[in-house]
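The domain 'EGF-like' annotation in TrEMBL covers 151-191, 192-230. Annotated disulfide bond per TrEMBL: CYS196-CYS206, in sequence order. The domain 'CUB' annotation in TrEMBL covers 673-785.
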Amino acid sequence: EGMNCMNKDHGCAHICRETPKGGVACECRPGFELAKNQKDCKLTCNYGNGGCQHTCDDTDTGPVCGCHQKYALHSDGRTCIEKDEAAIESSEYNATSVADVDKRVKRRLLMETCAVNNGGCDRTCKDTATGVRCSCPVGFTLQPDGKTCKDIDECLVNNGGCDHFCRNTVGSFECSCQKGYKLLTDERTCQDIDECSFERTCDHTCINYPGSFECLCHKGYTLYGLTHCGDIDECSISNGSCDYGCLNTMGSYECVCPPGKKLHWNKKDCVEMVKCLPNAKAAPKAQLVCSKTGGIESCFLSCPSNTLFVPDSENSYTLSCGVPVQQGKAQQKRNATLPSCTDSLAPPIKQKARFKIKDAKCHLRPRSKEKMKDSGKQAGLDNCQVTFVNLKCDSSKKKRRGRKSPSKEVSHITAEFEVEMKSEEVSDTCNIDCVRKRMEQKLQTAIKTLRKSINKQQFYIQFSGTEYEVAQKPAKATEGHEACSTGQVLQDGKCVTCSTGTFYSGEHNQCVPCSPGTYQDTEGQLTCEPCPSNDGQGVAGARNVSECGGKFNLIIKRLGQCFPGHYSSDGFKPCRVCPLGTYQPEPGRTLCFPCGGGLVTKYEGAVSFQDCETKVHCSPGHYYNSTTHRCIRCPVGTYQPEFGQNYCITCPGNTSTDFDGSTNVTHCKNQHCGGELGDYTGYIESPNYPGDYPANVECIWNINPPPKRRILIVVPEIFLPIEDECGDVLVMRKSASPTSITTYETCQTYERPIAFTSRSRKLWIQFKSNEGNSGKGFQVPYVTYDEDYQQLIEDIVRDGRLYASENHQEILKDKKLIKALFDVLAHPQNYFKYTAQESKEMFPRSFIKLLRSKVSRFLRPYK
């Protein structure tokens, strides 16, 4: 029980067959009979006439030979000779005349016939006038004795026509390919396997090479398990080189600063919060301008600087304009253009308002030129300078009660305003409180007018000379319908966000480079920010303030950044050397990092912690603790590949290490049990595949096919270490019970593929590993098929010819071919998707021939 024909100890002398109920049954080749022990095979008269020249009789002890009349049995028990010859041979005088010999040869020539002992030929025998003529099949050559056939070694001539490897077989030969190549259906040519064309080959980017491939990860991610990409925790690498705090994000990270400080231009150092630039011109402020024409109020908000447009979703967005007096977290993420220094008189006036537009959607679209012409002549109502405005527009569908009432679009606009009080407005007749009241009243009046204009869809926002509608009614939305949302343009059929250094021009519906003297460091914006110098000089398309033109840029170019091992108050020259006991690995920094624990560096201007003179030298897999002055092993889930470092790197993504003291990212392994379990097709996968699986892991999969379907499994290859005495095991059985019917169990490496049907309708699959050795593991696909085909499928997978040639084995390893075979097995109607020509191009003749014979016999058993 449990024995199968893949086990070399099956004991069958000739042919081994697996029985439907499990176990094996032995069979014999034609002409032989099964012995009483049901394993050995004994010769019968049906095979080569039992070796007899004339007659043959089967007995319990085997074939017994006999001779025709006038012939006697030779002493070898098989050959027949004439009786007078027998008499001569048995006589005392063995000498014979030459004439007697000639006579005997003639008699033998007359006696030789293909009917007797195949004429003595190894293979094919043909009777001719001069006697028998022997011949050999293709792949064999006739030897000088005229009887024997010898195999031809085709590989000796031109490598048998094979591209890579040639292996001689009896009567034929086989071509095979190097790893990473596959044999084409001509069974001679080798073609590179394009691994990148397979599903799930690489997480991010795949590059195919002849015979191989390589996986690459996006910026901010690192490779693990050969093909997978995990986020790098930059904060675990010397705190991301941040001055204060470090916040890891997917694919990147951010340095953060304590209250009262802000990030330097280098995005890593924290510097004192500066609210203005002493010599800078005042940045133009936002203005809320309202007017009245023909009894209709209209307002527009102009945003000349410090704008930020954030599309939250398809039907909502947030828009900020200006710089708030007290910046919140949202504004700290962006470097705003600093205003000129003016003394703030008192806290700003803040007001919040909420507006509602019925039957309109939050889409920021350019206002049509016709409407702009109509509203050209306007009577000025109000002009309110605003320090900061934050607008949020959100659309939501609300259904009215009733059967046929349509759902209405309702847009809500929440607006926050900040107005700064000016010292020049204070006079003898109106003190600070008086000015505040006036300003509050002015802002309230503006908000009232704004409410009226919003209700009549007459509120617009101006960026870079273009006016935008805040929200639109469905009719308007269809008029100016754009393929992409605001801030994006159509390129090659895809919506692409305007990059840094450009802004979205609604008027032209394209991304326009920032003009000289302006910059834009955020994607998808509607305007560019004025540079601090504000002199209109420099290059177009500046992507951040450091690329600004004019005097500011000339100063940066002339001075340059500080080199590693140096620092200055602003990160630019003139610079100072990092003193003893400190180091700085990066350029453009405002500080140097201390070695800690009273350690000194070998010299001034050190660029790495490795320049610190530690009391012990730490090897990879360890980090130096500056407090205890000892080397500490990297904890589980971290690694360190270098000597003499003071940190360990956190494993990428959701991976971890098996043990502490890891020295390489390859020790980081994903613990997740892989696979996709479908009703018709699916696969199971060891954790971290194709990288080595982790220690002490247990995976359970359950395959429950739909009614009247059975499971076919292919194990293309499996890598489990042999040396740890079955510590890592893959088992497939009916249920979790150890006594349930087992279909497959292994704890070894098999590079030869095997296909088999499940012995139960459902499968419970378990993989367990111990803390010992590890291996690549497995990726095992399966398909469920109609149980009416059970006999056919079992007949195919149990036929030795399916695995006989390397060519057939490679079919079971080829992901594309297995997918095509499984597709047809799961859904037989899909067979008609493939033409005969496609099949010939996919599979070798020998494989198609094998399947065709099986299918024909299954569908037409009596033909």
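Cβ atoms are placed via backbone N, Cα and C, with glycine included.
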Report the DSSP secondary-structure composition of the domain 'EGF-like' (151-191) as helix, strand and coil residue counts.
7 helix, 16 strand, 18 coil
Sorted by position, what residues of the same chain at least six away from CYS206 (disulfide bond) have a C-beta under 8 A from it?
GLU195, CYS196, PHE213, GLU214, CYS215, LEU216
Ten-angstrom check, please: count other Cβ atoms within 10 Å of the Cβ of CYS196 (disulfide bond), all chains counted.
15
What counts of helix, strand and coil residues does DSSP assign across the domain 'CUB' (673-785)?
0 helix, 54 strand, 59 coil
